Ligand code: ADE
Ligand code: ZN
């Protein structure tokens, strides 16, 4: 059945939860593999797409880390980010805060400088080329040791002028936020903003711990807060943004179907929810696709959709450019739904 709605692609939005390695489309993966002489264990792009059936977060992460083998040079990282920014811009993204996973590259012998300089080349021209402002957020892999995270923070030292904040991602269960207390203290001392994945597959307690122990300013995912009314109340009271990723949650089976997603309940509770794409090449959609999907499946009305867009700019790390935030917010208010 054809959707009764017009697409929300033109609605101005910020993307606050996006792993750049998760934007590697099969076509680009094969192109980079050929360029770098890397042999992928998949016959072609169709066969690769067939592998995109995930049972849970770990089964996705296995493929996500495997495909990173094709990313080797500054140019590869620049091409990857450039391709994402073009797609994001076409879906109404005006500002993107981009995660990257340096440990996954350092472990393959790709230097921090190669990753950051490559991404920075694309980000540096993003405004001119795509009309998108950007920030970079360096994530630690929570299934690696705290010592490894601390070494990674040290390795980022020469590039800190390019890095806005730190995050925490990868396999959640069994790797509580407290494991990274000292790393986050060190990051805070360096003036870095702090976010963390919590309450995606892990329990609501991880959300509380990320706030209390790591001092995070936003929770990535966080949808399992819905299981704890007292936590929801706290998140509302403290205006803690959640960077929700609805299509990701369906693909990784965090929710059974989109219609079961807690987004409407969390919005009704007064939570500062945002909608993001996480790993769009793997989960079937970029930011605008996620907006369209939640509207379709959850029947959010125009004011709720406008609120989601407004929240994305309110929750963005734009404190160094409030004029820009004001401009983006004005674009959201001026947006005419059709
Ligand atoms: N790394 C990339 N995507 C992720 C996700 N959704 N959760 C945890 N780690 C990730
Ligand atoms: Zn994520």
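A Cβ is built for glycine as well, from the same backbone N, Cα and C atoms used for every other residue.
All protein chains shown were included, and the count of other CB atoms within 10 Å of the CB of residue 200 (active site, proton donor) stands at 24. As annotated by TrEMBL, active site, proton donor applies to 200.
Annotation source TrEMBL lists Zn(2+) binding site at 17, 19, 197, 278. In the three-state DSSP scheme, residue 278 (Zn(2+) binding site) falls into the strand class. Less than 8 angstroms from the CB of residue 278 (Zn(2+) binding site) sit 17, 18, 19, 22, 245, 247, 248, each of them six or more residues away in the same chain.
For 279, the entry in TrEMBL reads substrate binding site.
Sequence annotations record features per position, and here TrEMBL assigns domain 'Adenosine deaminase' to 12-325.
The Cβ of residue 221 (site 'Important for catalytic activity') lies under 8 Å from the Cβ of 17, 197, 198, 199, 200, 242, 243, 244, 245, 249, 254, each of which sits 6+ residues away along the same chain. Under DSSP, residue 221 (site 'Important for catalytic activity') is assigned to a strand (E or B) in the three-state scheme. If you look up TrEMBL, you'll see 221 marked as site 'Important for catalytic activity'.
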Fill in the blank from the handout: Of 17, 197, 221, the recorded positions with C-beta less than 6 Å from an atom of ligand 1, in sequence order, are 197
Exercise for the section: Taking the Cβ of residue 19 (Zn(2+) binding site) as the centre, count every other Cβ atom within 10 Å, in any protein chain shown. Expected result: 25
Completion exercise
Those same-chain residues, other than 17, 19, 197, 278, found with Cβ within 8 Å of the centroid of the Zn(2+)-site Cβ atoms are 18, 22, 99, 169, 220, 221, 243, 245, 248, 276, 279
Fill in the blank from the handout: Listed in sequence order, the recorded positions from 200, 278, 279 whose CB sits under 6 Å from ligand 2 are 278
Problem - Count of other CB atoms lying within 10 Å of the CB belonging to residue 279 (substrate binding site) - result: 24
